[in-house]
Number of protein chains: 2
Amino acid sequence: MKLTILGCYAATPRTLTNPTSQVLEIKNRLFLIDCGEGTQVQLRKNKLKFSKINHVFISHLHGDHFFGLIGLISTFALLGRTTDLHIYGPKGIKEIIDLQLKLSNSWTNYQLFFHELESKESVIVYEDDKVIVKTIPLKHRVYTNGFLFQEKIGERRLDLNAVRDYEIDKCYYQNIKNGRDITLEDGRIIPNHKLTFEPIPPLSYAFCSDTKYSEEIIPLIENVTVLYHESTFLQSEETLAQKTMHSTAKEAAKIALKANVKQLILGHYSTRYDSIDVFKKEAETIFKEVLLAEDGKSFEF
Amino acid sequence: MKLTILGCYAATPRTLTNPTSQVLEIKNRLFLIDCGEGTQVQLRKNKLKFSKINHVFISHLHGDHFFGLIGLISTFALLGRTTDLHIYGPKGIKEIIDLQLKLSNSWTNYQLFFHELESKESVIVYEDDKVIVKTIPLKHRVYTNGFLFQEKIGERRLDLNAVRDYEIDKCYYQNIKNGRDITLEDGRIIPNHKLTFEPIPPLSYAFCSDTKYSEEIIPLIENVTVLYHESTFLQSEETLAQKTMHSTAKEAAKIALKANVKQLILGHYSTRYDSIDVFKKEAETIFKEVLLAEDGKSFEF
């Protein structure tokens, strides 16, 4: 699982910082999460292939999270894309894109599917044989969802020594990996746990931005491998965080601790701070495993 | 008069090139012309103050000319702007901006005035005591206007030696500058042309992008100081230029020659070409005074 941060700053794009966008690579699928202005250039800079992006998840309709979407959709069209593109985002996003395509007398040669979200409960928005994506309802000034990306539990892993010792034919291997016990020719039944190891533990990634501090998300993100939680402010700006329905670094760390996540990544920093190191320091007073998102940085898990 | 190119490439923003946007400074007024994605960052990079931009002219509703507008409007709001902002552009632009502000539950603390254009004739869109701006109807795949920015003819310039020789009192100077003849105390009438020089010739700038080759614009742009004319293609791609309703460098030069402009600036280059020098060479076979637009480049006239 690999996460590339295209942008992780709040509010306005600047010369050296970009609004929210990131790419999650999980089980060889690429998911684009949020799409602030300049995302297509950030994708190019980070050498991420446009053609591999088939699913875009938009958390909410504040500009720093979606103003780059129409440009991305248009560029895909100009470059002759033919593969379907799926957009998951709040109700209204289709109207915004459709209106701009209509008024520019443009269209896409590929199919554009909008999956508009309205539910205040967590819902499954994407599922295939290896990955499932659910919404994480967040509390912000407009309707907002985080997204939980989960690998599905894989096959059990074959214990090669064991299957050789029992002289089991290769044609049974897939059944064994699927969890079946095996009956030998002499009638003995070998229970599956003697032939396999546990599957590789599935990885999971929870993207939570933008949101005020809310313990209601904890049951949804409990035990995830990586939690990206916004920390627009430091605790010194707690009042401002409450007023604007954002979180502080300390609050993000509290959520990480209570949800027992393995790794916390902070981001969505207000541009008022000269350095982001202070966010890490503040969060580490609560929770030890803290990483800082930075534009252009990749994390592998 | 100063022109700063923020972006001058066609179609899609890339790592090192930006879609159309430029800033014209004329008689101490700043006009933003077109606003492709990333314009706000280009303004910052070129150290152009957001607060000085009060008028934005949008040629047409293709993405590479306006996708940066909603971001600029939002950033102005976030930064606490209170000054009015005027947007001049094709009918529909208000709906696009309003819808996005509404769905993001956002608003501007400053007044946003839309001046939507529908006329197929040249119309005056802006006028004050020193500058007048008119549309230049262009021929493209969607409704498109270029813009003609003209300084108004100033006062006649006082011939200080002459007024001293005739011992004319200073209180008459303004009348003389306004073109009046003067009657001396001895009854002699001194005609204005003996007391003044011609006014400083007014400068003018014509922005013509995007458009196919069209001689119909010539009467509107005749004798302008500077003509920016798109040259998306070279003559070798003439067929493609016709099909997409764009111009070649040679065609831009033909227009410059026939309209007797002082200076031609080329821009809106297709990203298919590795170098832009070939555009200059091709245009110079027809018209001598050719400059190449480049992102971040300024021209003073």
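Each residue, glycine too, has its Cβ placed from N, Cα and C.
TrEMBL does not curate its annotations; it predicts them automatically.
A quick note: this is a predicted structure, and the numbers were derived from the prediction, not measured.
Record features (TrEMBL):
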BINDING   A:His60, A:His62, A:His140, A:Asp210  Zn(2+) 1 binding site
BINDING   A:Asp64, A:His65, A:Asp210, A:His268  Zn(2+) 2 binding site
ACT_SITE  A:Asp64  active site, proton acceptor
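Distribution of TrEMBL features across the structure.
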residue  : record                : CB count, 10 Å
A:His60  : Zn(2+) 1 binding site : 27
A:His62  : Zn(2+) 1 binding site : 24
A:Asp64  : Zn(2+) 2 binding site : 27
A:His65  : Zn(2+) 2 binding site : 27
A:His140 : Zn(2+) 1 binding site : 20
A:Asp210 : Zn(2+) 1 binding site : 26
A:His268 : Zn(2+) 2 binding site : 28
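Chain B comes within the C-beta cut-off of under 8 angstroms for none of the binding-site residues A:His65, A:His140, A:Asp210, A:His268. Distance between Cα atoms for A:His60 (Zn(2+) 1 binding site) and A:His268 (Zn(2+) 2 binding site): 14 Å, as a whole number. Taking the mean position of the Cβ atoms of A:His60, A:His62, A:His140, A:Asp210 as the Zn(2+) 1 site, the remaining same-chain residues with a Cβ inside 8 Å of that point are A:Ser59, A:Leu61, A:His65, A:Leu138, A:Arg141, A:Val142, A:Thr144, A:Ser209, A:Thr211, A:Met245. The separation of A:His268 (Zn(2+) 2 binding site) from A:His62 (Zn(2+) 1 binding site), Cα to Cα, is 13 Å. Taking CA atoms as the reference points, A:Asp64 (Zn(2+) 2 binding site) and A:Asp210 (Zn(2+) 1 binding site) are 10 Å apart. Cα separation, A:His268 (Zn(2+) 2 binding site) to A:Asp210 (Zn(2+) 1 binding site), rounded: 8 Å. Taking the mean position of the Cβ atoms of A:Asp64, A:His65, A:Asp210, A:His268 as the Zn(2+) 2 site, the remaining same-chain residues with a Cβ inside 8 Å of that point are A:Ala10, A:Ala11, A:Pro19, A:Thr20, A:Asp34, A:Gly36, A:Ser59, A:His60, A:His62, A:Ser209, A:Glu230.
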